[in-house]
Amino acid sequence: MRALWVLGLCCVLLTFGSARADDEVDVDGTVEEDLGKSREGSRTDDEVVQREEEAIQLDGLNASQIRELREKSEKFAFQAEVNRMMKLIINSLYKNKEIFLRELISNASDALDKIRLISLTDEQALSGNEELTVKIKCDKEKNLLHVTDTGVGMTREELVKNLGTIAKSGTSEFLNKMTEAQEDGQSTSELIGQFGVGFYSAFLVADKVIVTSKHNNDTQHIWESDSNEFSVIADPRGNTLGRGTTITLVLKEEASDYLELDTIKNLVKKYSQFINFPIYVWSSKTETVEEPAEEEEAAKEEKEEADDEAAVEEEEEEKKPKTKKVEKTVWDWELMNDIKPIWQRPSKEVEEDEYKAFYKSFSKESDDPMAYIHFTAEGEVTFKSILFVPTSAPRGLFDEYGSKKSDYIKLYVRRVFITDDFHDMMPKYLNFVKGVVDSDDLPLNVSRETLQQHKLLKVIRKKLVRKTLDMIKKIADEKYNDTFWKEFGTNIKLGVIEDHSNRTRLAKLLRFQSSHHPTDITSLDQYVERMKEKQDKIYFMAGASRKEAESSPFVERLLKKGYEVIYLTEPVDEYCIQALPEFDGKRFQNVAKEGVKFDESEKTKESREATEKEFEPLLNWMKDKALKDKIEKAVVSQRLTESPCALVASQYGWSGNMERIMKAQAYQTGKDISTNYYASQKKTFEINPRHPLIRDMLRRIKEDEDDKTVMDLAVVLFETATLRSGYLLPDTKAYGDRIERMLRLSLNIDPDAKVEEEPEEEPEDTTEDTEQDEEEEMDAGTDEEEQEQEPEKKSTAEKDEL
């Protein structure tokens with residue numbers, strides 16, 4: 001009986017289990033679940049696609065609802081231009097995939113701008129959702145990235161029109177309506193945008209894009225596309241957004257990095273940290289919180305307290321619940337753009353400390369800026385900007401000068417970072433200037449290459465240069481001379497050479513050493529103020545160092561007469577001055593070239609002419625005989641006082657300093673026609689008629705023009721003048737031989753006397769040493785043989801004894 005009862009109970013349980021299993025299959029079972037993962041390969045391609053689509057779920061919709069939704073949605077084909085645009089974007093236009101997030105946030109900002117402007121005239125515009133924010137959420141499990149804004153949203157018609165056709169962003173049409181409605185004609189350039197183009201960049205990282213949008217004048221709709229076609233349908237969940245748009249990206253496998261919180265945060269800070277509206281990212285952090293203690297721990301603590309505090313137990317009216325501290329991972333919205341763009345505020349409202357803090361944050365520098373300027377430019381293009389001059393020159397400032405792009409100027413369009421990858425935002429010589437430019441008139445173009453050619457960018461560049469030069473000009477003289485010029489003086493000189501339109505402004509910023517002060521530098525304005533009466537030229541002398549320049553024979557008479565001479569000691573200096581035709585109406589005169597003349601009285605003029613006539617025989621002898629192939633002409637000098645002679649370049653020839661620089665160029669091959677032309681030009685040989693060497697030469701050639709000693713002396717004087725004038729000798733050995741010959745004559749040594757020959761050393765007798773070595777080797781060999789024979793002798797002796 002008992003066995004029957006147990007058997008019946010088992011049957012009932014089996015029946016119940018079978019019925020329950022049937023119920024579960026009927027409710028939630030699918031073919032895929034029944035087959036299991038082990039039969040994945042038996043599915044058809046259509047089944048796999050269907051299952052992948054069902055895995056893409058929106059909040060509040062399960063797989064079957066999503067499938068039903070797709071079946072009922074209205075299908076559309078993209079406009080032909082849209083297909084071409086998407087292919088262009090995906091294949092080539094966007095070189096950097098990460099900008100998709102910048103574009104989506106920019107679109108969200110435009111939508112928020114719209115609703116905020118509408119709310120100024122419509123109090124009910126924000127009733128659906130008073131928040132004006134952008135929120136970004138990553139869903140690693142479902143491979144989804146959500147970007148949600150509470151902007152104006154889109155109606156069904158706008159979803160089809162704006163996302164299915166190109167150049168129909170909705171924003172431009174919106175601006176037209178607002179312009180017509182405004183009576184005062186106030187500009188609404190804040191709202192300019194190109195939603196239709198930037199939106200398609202989402203397909204750079206997404207296989208599928210789902211847009212859920214709610215407009216105040218329509219119900220909530222869902223737009224979905226895989227880049228081939230799109231569909232639109234009313235959202236069966238109803239109004240879940242209140243107002244605004246959520247863009248959901250089903251990321252490609254290779255784009256999974258964009259589901260990492262650190263990646264998203266860095267992109268937001270890089271491109272969108274100055275957007276006008278708060279941007280939040282759904283992120284986690286670890287917090288220490290208090291939780292109720294477990295019952296056993298609480299009971300134990302209560303017992304201990306009861307033993308220790310039995311005396312006061314009656315006085316406690318209520319007992320607090322026992323808790324403990326634990327670490328938990330808490331998820332919340334984290335604000336990413338807490339730094340507000342100070343360039344959008346009036347400069348009068350920004351404190352100096354704020355500029356310094358912004359500069360350090362923006363440039364990643366630890367030092368304060370040397371100078372800054374905050375301005376708003378208006379006219380053909382309107383933009384706001386803050387520019388900074390760093391305290392010290394960036395490392396490698398002139399490495400690859402001209403070919404390396406400057407990335408110190410960051411371009412924003414409506415607070416959206418566009419790029420810092422520019423070659424032409426600032427001229428090359430201002431490549432040390434750092435700053436931001438924010439324009440509302442530039443388009444949010446999809447290509448920085450296209451933007452680079454935009455005509456408004458050239459206008460911006462022109463204004464940036466002018467403002468930068470104004471900023472530099474306002475740096476205090478002491479700070480300018482001691483700090484700025486040491487760090488960036490070469491840049492200003494290069495600017496004089498390269499920037500024709502701003503050459504006059506840049507010339508006022510130049511600083512040079514001069515004979516006026518042994519250490520201080522001077523400006524050209526200060527030089528002109530100190531010029532002597534009737535002085536019509538600015539005199540300068542170029543050399544490898546100040547010592548070389550101020551000891552040059554070319555400056556002797558100028559310094560003696562009290563004229564100030566500018567010393568050019570940097571390789572770029574002479575190029576810089578050559579690029580300046582004049583300064584303040586005064587032309588520049590290189591004192592190492594022809595053209596140096598002094599104001600002279602009639603008496604002085606007569607004396608000079610008499611001297612020239614006196615030395616005419618020597619001058620002709622030098623030109624036609626002694627130095628026939630070496631000089632263009634020989635003249636009596638007006639610039640020499642101590643030196644016997646000097647070699648002077650023509651007005652369009654190379655000075656000694658310039659020739660040395662040109663021949664030292666790394667790319668110099670000797671085949672350049674212009675270089676060879678300048679280098680081969682003959683020069684003028686100037687003599688000092690008051691020098692004893694010159695006067696004695698005049699006496700000697702009058703006695704004998706063919707005197708070999710005088711001929712040698714003339715050549716040595718020429719070669720010495722070549723060196724003292726800064727030029728290089730083509731044959732230094734011949735120069736050395738002539739100097740030696742002159743020294744022999746001065747010491748009464750026969751010029752043809754030969755150098756004494758060294759006595760030949762007798763070779764060392766190595767025969768005895770060799771024989772001795774051979775004997776030692778033979779003895780050593782004999783010893784070795786004897787040592788080898790000893791064991792044999794011992795063995796024989798032992799045998800004999802036996």
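Backbone N, Cα and C atoms are what each Cβ position is placed from, and that goes for glycine too.
Here Swiss-Prot flags 1-21 as signal peptide.
Sequence annotations record features per position, and here Swiss-Prot assigns phosphoserine to Ser64 (among others) based on similarity to another entry.
Here Swiss-Prot flags Lys168 as N6-(2-hydroxyisobutyryl)lysine.
Among the features that Swiss-Prot reports, phosphoserine is placed at Ser172 (among others).
The region 'Disordered' annotation in Swiss-Prot covers 288-323 (among others).
The phosphoserine feature in Swiss-Prot is assigned to Ser403 (among others); the stated evidence is similarity to another entry.
As annotated by Swiss-Prot, N6-succinyllysine applies to Lys404 (among others).
Annotation source Swiss-Prot lists phosphoserine at Ser447 (among others), citing similarity to another entry.
A helical conformation is recorded for Lys479 (N6-acetyllysine) in the three-state DSSP classification. Sequence-distant contacts (6 or more apart, same chain, Cβ under 8 Å) of Lys479 (N6-acetyllysine) comprise Met370. As annotated by Swiss-Prot, N6-acetyllysine applies to Lys479, with the evidence given as similarity to another entry.
As annotated by Swiss-Prot, N6-succinyllysine applies to Lys633 (among others). Sequence-distant neighbours of Lys633 (N6-succinyllysine) (same chain, 6+ residues apart, CB-CB distance under 8 A): Leu619, Lys623, Thr684, Phe685.
According to Swiss-Prot, the region 'Disordered' annotation covers 750-802 (among others).
If you look up Swiss-Prot, you'll see Thr782 marked as phosphothreonine, on the strength of similarity to another entry.
Positions annotated as compositional bias 'Basic and acidic residues' by Swiss-Prot: 790-802.
What Swiss-Prot records for 799-802 is motif 'Prevents secretion from ER', and it gives similarity to another entry as the kind of evidence.
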*For the motif 'Prevents secretion from ER' (799-802), provide the mean pLDDT of the predicted model.*
42
*Which state, by DSSP, holds Lys633 (N6-succinyllysine): helix, strand or coil?*
strand
